[in-house]
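Annotation comment: TrEMBL describes 52, 110, 111, 112, 152, 169, 170, 247, 248 as substrate binding site. Annotation source TrEMBL lists Fe cation binding site at 123, 148, 149, 221, 247, 280. Here TrEMBL flags 13-25 as compositional bias 'Basic and acidic residues'. According to TrEMBL, the feature region 'Disordered' maps to 13-35.
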C-alpha cells in the first residue's frame, strides 16, 4: 500500500475546511489511523520502495548508499572517533542560534538516506509537527525533533567539510565487535579495529552494563549535536539528549543489539527513542510545512531550552 501525506483525507469535514493559519500547523497534514487517531506510519516511501530498503541494489541511488556504507565501515575506527570528539568538542567553529542552524542545514544533502529527497528543514519540521500532534504536552520532544539532525552541518566547509561517511548514516559503537545487525556488515572486514584483539570482542574496551554515555559511537551528526547541546548548557531532559545522540543507532533501537552495554537509565530513555523513531522515519513527505507559520512556536521552545547563541 502506498501512503503519501498528500493522499490523506480527514474524517472531519470541519477539519478539512480549516486553513493552515487556524490549525497553526503550517499546512502539514499528518496521516492518521482511523482506529486510534494517532500517527499512521506508511508502508512505502515517496519513491515507491520500502523504508530503509538497502537491498534494492538496482538503482543508482541504492548503489550510492551502499558505497557510502562501505567507506563508513572501513574508516570509522576507535582512534578516529576519539580524534573527532577531541576536535569538535572544542565547539570553536562558529557562533549562531539554533534557528540559524536550521536554515543553514538546507545547504546539506544526506547521501546515506534512501527515503529523503526534500530540503533538510522540511524533514525537521515534518518530524516535529507529527510528534506535536500526538504528544502536545511534551514540548521538549517537539524541539528535540526540530534539532536532531542539525549536526549535519559538519558537511559544510565552515565546519571542516567532512566526508559523508563521517557525518551521516546509521551509527554503531566502536571499541567492540561490529554486530551483524549493522547494515552492509560485510564491509567491516576492512576496518583495522576488526583485526585488533582489544576491539573485536563482544565487550571490547567496555564492561557489561557500563551505560551508553560511556561508549564511543561512530562519529557523525548525532554525536556532534549531542556535544553542542551539552557544551552550551541545554536544559533538555536526558531523554532528549539520548534521542539526539542515538537516533541513528538502528542496530539498537530497531534490531535490539548492543543492549548488554546499557544501564537502567538507557532502558528508560530508549522508550522515548522508540516513540521518536517512527516519526523521524515515516513522516518524510512531499508536502511541505509552511516554515513562517510554525516558526514562532519553535523559536519559543528554543528560547526555553537553549541560549540565544550557541558555540558550534
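Just so it is clear, glycine is given a Cβ too, placed from its N, Cα and C backbone atoms.
The shown structure was predicted, so the numbers you read here are calculated from the model rather than taken from an experiment.
On the structure: features taken from TrEMBL.
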| residue | record | contacts (Cβ under 8 Å, 6+ apart) |
| --- | --- | --- |
| 111 | substrate binding site | 64, 65, 68, 164, 168 |
| 148 | Fe cation binding site | 124, 127, 222, 225, 243, 244, 247, 276, 280 |
| 149 | Fe cation binding site | 105, 120, 123, 124, 221, 225 |
| 152 | substrate binding site | 105, 108, 110, 120, 167, 168, 221 |
| 248 | substrate binding site | 168, 169, 170, 171, 220, 221, 222 |
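The most crowded of the binding-site residues listed here (123, 221, 247) is 221, judged by how many other CB atoms sit within 10 Å of its own CB. Around the Cβ of residue 170 (substrate binding site), 21 further Cβ atoms fall within 10 Å across all displayed protein chains. Apart from 123, 148, 149, 221, 247, 280, the Fe cation site neighbourhood in this chain, defined by C-beta within 8 angstroms of the site C-beta centre, holds 124, 127, 145, 152, 222, 248.
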